[in-house]
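Q: There's a structure below that I have some questions on.
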Amino acid sequence: MSYIFSSESVSKGHPDKVADFIADSVLDLVLKNDPKARCAIEVALAHTTVYIFGEVSTSYILTDEIIIETAKKAIDFCGYNDEKFIFDAKSATYHVNIHKQSADIALGVDETDNKEQGAGDQGIMFGYAKDDTKELLPLPIFLAHELTKRLAFVREEGIVSGLGPDGKSQVSVLYNENHEPLEVTAIVLSTQHEASKTLESVKADMMKHVILEVIPKHLITDNTKYYINPTGRFVIGGPVGDSGLTGRKLIVDTYGGYSRHGGGAFSGKDASKVDRSASYMARYLAKQVVGSGIAKTCEIQLAYAIGVAEPVSLYVNTFGTSKVSNEVIAETISKHFDLRPKAIINYLGLTNPIFKQTTHNGHFGKLESNLSWEKLDKIEIFEQLV
């Protein structure tokens, strides 16, 4: 039975993503100066006000002034450097409330002479891979990200004038009964713009310089529908139009809804939080399975208890596409990979200040970024199972 599946992405100027980028920028700054730091940073944006709050335990002297300066650079990077869109890095108001991590949490997480490092919280995490693309991502989320990347590019490079930083995309893909993508059935693309720019010019520019530059021709048909700025006007955008908050784009950050999600956000969290580190590891493992050719798709779930090092469960599902059983794959993972938090952190190099590059256009599938969890360097372990 064929079906249509849709996924969305948002631009780097979307208020929720600006919040995420500020949080990850502060996290990277702290980790650069103290790789053992504990961070759980949240950011909220409302109109022209920026709130930065949460918990940080570090030997680095992190002042409010340093945090605000980091936030200003992050906001500028996201495109808010012009007062014509009301919200901008220089004129925004900043409020900071950062305090230390709870001693009760540290008691269960920190490594001591008598206890190994435990998980920073309980929770379930999913990783996923599918052979739709060379990035091993489902095609709808991959194309949605490509649209928002291109949208930012044409604005920043001046290819299209009169655009604002805020924007969103959505792509619908028709799949056949074997879960193979056939064609794109619908594209939604919304971009903030200056008041002087007409809807007709926005539509023409988006078709020519974004959509037709990104969507492969063989996926477009005469029946493909296009919805470009469908409300007719998108001048008020960013935090002025909608408040922004860290952790509100979980599905954009992962697999566009094609796989399940455990509910934990990524941005602002150091790797002792398994919401982030275990999700990255689960993605890495799913990629090895699919990249080895023993399955066309793979979903992996990990679950942890706070303060406990070993995962309480490991679940593998290849949805009937694998050449060996799910149980054999799970046993192979348990045999060859250490899934304790400290081991994951060391294996993936997650004490390094690498996180702000993950914030925009998804945390997965960025082959050009050389992120450790995107490498296909252990596929031989699974190739040997066949």
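Each Cβ is built from the backbone N, Cα and C atoms, and glycine gets one as well.
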Q: Have a look at 101-111, 123-133, 211-221, 343-353 and point to the one annotated region 'Flexible loop' in Swiss-Prot.
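A: In Swiss-Prot, residues 101-111 carry the label region 'Flexible loop'.
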Q: Going by DSSP, is Asp16 (Mg(2+) binding site) sitting in a helix, a strand, or coil?
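A: SS state of Asp16 (Mg(2+) binding site) = helix.
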Q: Is it possible to get the count of other C-beta atoms within 10 angstroms of the C-beta of Glu55 (L-methionine binding site)?
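A: Excluding its own Cβ, Glu55 (L-methionine binding site) sees 16 Cβ atoms within 10 Å.
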Q: Averaged across the region 'Flexible loop' (101-111), what pLDDT does the model get? Just tell me the whole number, please.
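A: So the average pLDDT across the region 'Flexible loop' (101-111) works out to 63.
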Q: Cα of Glu55 (L-methionine binding site) to Cα of Asp242 (ATP binding site): how many Å, rounded?
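A: On Cα coordinates alone, these residues lie 25 Å apart.
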